[in-house]
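Visitor: Pasting a structure below so you can have a look.
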Amino acid sequence: MSRNQRDSGKAAVDAKINGKPQTNGGAKRGPKIPKDNSKKKKAPPSNTTPTTNQTNLDKLVNQLYDKNSKQGMPQKQQRKKLQEYLSAQVQGTDSATSSSSASGLAPNSFSDSSASEESSDDELGDMTSPSSSSSLSASDSDEMSEYTLSSSTPEVPAIAKTSGARAELKRRNKEKEALAADPNNNRAPPAKNKNAAEGPGPASSNPRIQRRVTMAGDLVHTEPVTGETGALHCPLKRKSVASCPLPAKAKSPNPTQPAKAAPESKAAGSAKSKAPVVPRLKEDAKNKPGPSARGVSPAVDIEITSCISLPSTAGLPASGSKSPAAGKISPKPGTSASAKPSTSASAKPSTSKSSAKSSSDKSNDAAASGPTTSAPAKKKEESSKSGDKAKSKDYHKVNSIEEGRRILQWILNPVQPDEFFGSFWEKNACQVQRQTPKYFAELISFEMIDEMLIRHHLEFTTNIDVTTYKDGVRQTLNPEGRAMPPAVWSSYADGCSIRILNPSTYLAGLRQVCSMLQEFFHCLVGANVYLTPPNSQGFAPHYDDIEAFVLQVEGRKRWRLYMPVKPTDMLARHSSGNFDQGELDEPIFDEVLEAGDVLYFPRGTVHQAITEKDQHSLHITLSVYQQQAYANLLENLMPMVLKNAVQQKMALRRGLPLHTWQNLGLAHGGSEGRSRLNLISGIQQMVQKYLLPTEEQIDAAVDQLAKRFQHEALPPTILPEERVRTVFGSRSQTDAQGQCLCDYEITEQTSVRLLRANILRLVAEEGILRLYYYVDNALEYCKYDANFMEIEPTEAAAVEMLLHSYPAYIKVGQLPLHSGDRRVDVATALWERGLLMTEKPFK
């Protein structure tokens, strides 16, 4: 159609008849006509009469629908409607032309055609409707707007009002420009025409988008989906429960049927009390032995909301109560604990079925569910509510070492820590059966693992291992690259065990438990998570170099413990290789852990675990006291002692006697000559005389072990009560002149204390005093170099006072420094590094 046409609208119909087809659309059956994208020639203006228009219109209709061909009712209806539509289009064009000519504007005309109902989906995606060109100025583009009708209805949309034709053209051009600018070629559905006939709206004008949506369905967008609560959900569609690789949620998470190979005791299997869901305790509740009372720091992994809920002190036994016997602890009410625990390191753990004292099943569950809700308890709770609120405000005054002890007490409940260290620590295995399936449920779950895999970048081998143990062969089947959920769950469905090596990096609740326990043990507390499918075993029998606490979270798992193969393996300093079953004697412990149970065994204990036929297993292994033996201390101490003795004693610098080589050595080991005996005796006396470590040397060696802890430790979890008192809650601003305005000011009247009991260590190295601290450590193990700051020798006394006065607050003016300005400077430097906490918030 000519771009510069200014005649009446009659020429528009003439151009439709004489001009080239604009698109490859149309309802006529037959081979497709390829779309001609070449520039169209200008048609000369022509003057026609209305009669000629009607004749040409009939020709066009007959061309589209051949009268001689056999036509069904749908084709006849479409032909009739198309004829009516084109007739109305001609009339509308005539009126638009006369109106536009009077105003000096060029008319706009649009035409559409419907697609055949029998067209295929691929043809529908590629079809575009023929449209007449608009009479625009020479500077406008001649690109045509495409409009695809829905194949679900034979009706033709009503004609748009002529007065809004130009606005409609502008809107469509904007849509095309936006579509071209979108790199993903995604567009919103076109706005519904108010004048169009009711029915399904038009299909997408981009056939590629239409095909993509048809093929991909709901999985076009695969990024994590955020729910109403803000938590991410896996976008993958899980299979049905019958075929899903994840185990189905059982009605009872803690089946109490005894294991066939390891029958349970009456104490363990008779009481089947219902375990209440662990409630979340209020943040202001004080003296709760766990992170729920303290809360999770908003600044540390705020995206993961896996904070645990730990019990109140009312649910834990008194410090003077008796502990159950060694080997197995089952807190069944109404039984006595008269049996004495075995303390022999080589003796087999006692299998007596003794249990802890308890008044009822409800009191047994108190450690997991918090205070009971009986009427007397409610009265007592209401009466002490005001007192609890007052105490919660002073929670920042607690001792971090005692808080770590309370976490250990929560894990071992009803066993008291003192009894545990006296009877079991490094001596014997200890099993706690509490029949509370939800006891550790908030630490880890399938949902947390799935969310962790989606949200974070975990790598196989670095963060996750896929293992199997079949027919005596242990294999690690780690793929390369990132551990995405489909790959992990596919391996799990194939019967492989999944080991997560550093879950505390990603789960705030588990990290909080580890960070609090490390204050008590003064060593790195590691955590591994093991997910094992039913009737599977992931690891061969072996022993480790750590004190292990196994926390059964879900399912059941049968554990077998064996005596060390060699006496030198007891309290091993390094982990072993894999043992064959034939190398092991009969197990000294063969029991099934159920959800909520705990098993402790010392380092060097050979162990293996397997799931039952119809039960999966999810458990956490907390590892403590790795490389914390006297041997590690002496490895640091004796080189230091020898170096100092050589510098001080000339006798150690003298040369060896000439006859040493003829009397000492492997070849002379059987000799008992006098020269040999004199040489051996002289060396032994020299060691006893010159290589006795001094107090200062022992202190320096211990500082080196403590320095290693500062490098390995997890960063502390900053609680809300602590945040407002530390640099982590500080915010700075600028004034009108651009000067920085801090919201804190430490004076000599400010009361301060250390953030944690073991937050820093004063170490003398190469004649320099350094403060090593772990507050800035990464969540990954030793990702960065150790953090330290150097201080002057005159400032060491101030650090010592802060260490000795903990957990009490002291005024900055009390620090033993020569001037008030120096005291303020030292306190400010420590506070700005996150090592100090003020008694009162600055805000």
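Note: Cβ is positioned from N, Cα and C throughout, glycine not excepted.
Quick paste from Swiss-Prot:
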type	residues	note
REGION	1-299	region 'Disordered'
COMPBIAS	44-56	compositional bias 'Low complexity'
COMPBIAS	95-117	compositional bias 'Low complexity'
COMPBIAS	129-139	compositional bias 'Low complexity'
COMPBIAS	167-179	compositional bias 'Basic and acidic residues'
COMPBIAS	180-197	compositional bias 'Low complexity'
MOD_RES	T222	phosphothreonine
COMPBIAS	258-276	compositional bias 'Low complexity'
REGION	311-397	region 'Disordered'
MOD_RES	T335	phosphothreonine
MOD_RES	S336	phosphoserine
COMPBIAS	336-358	compositional bias 'Low complexity'
COMPBIAS	365-376	compositional bias 'Low complexity'
COMPBIAS	378-397	compositional bias 'Basic and acidic residues'
DOMAIN	502-641	domain 'JmjC'
BINDING	H542, D544, H607	Fe cation binding site
Visitor: By a simple count, how many Cβ atoms lie within 10 Å of the Cβ of D544 (Fe cation binding site), its own Cβ left out?
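Guide: Here the count is 20.
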Visitor: Taking only the residues in the domain 'JmjC' (502-641), give me the average pLDDT of this model.
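Guide: Across the domain 'JmjC' (502-641), the average pLDDT comes out at 96.
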Visitor: When a 10 Å sphere is centred on the Cβ of H607 (Fe cation binding site), how many other Cβ atoms does it contain?
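Guide: Around the Cβ of H607 (Fe cation binding site), 20 other Cβ atoms lie within 10 Å.
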Visitor: To test your reading of the Fe cation site: which residues beyond H542, D544, H607, same chain only, put their Cβ within 8 Å of the Cβ centroid of those residues?
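Guide: Here the non-site neighbours turn out to be F539, P541, Y543, A548, S575, S576, T605, V606, Q608.
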Visitor: Quick one: give me the count of other CB atoms within 10 A of the CB of H542 (Fe cation binding site).
Guide: 14
Visitor: Using DSSP, what's the helix, strand and coil tally for the domain 'JmjC' (502-641)?
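Guide: Summed over the domain 'JmjC' (502-641), the classes give 35 helix, 47 strand, 58 coil.
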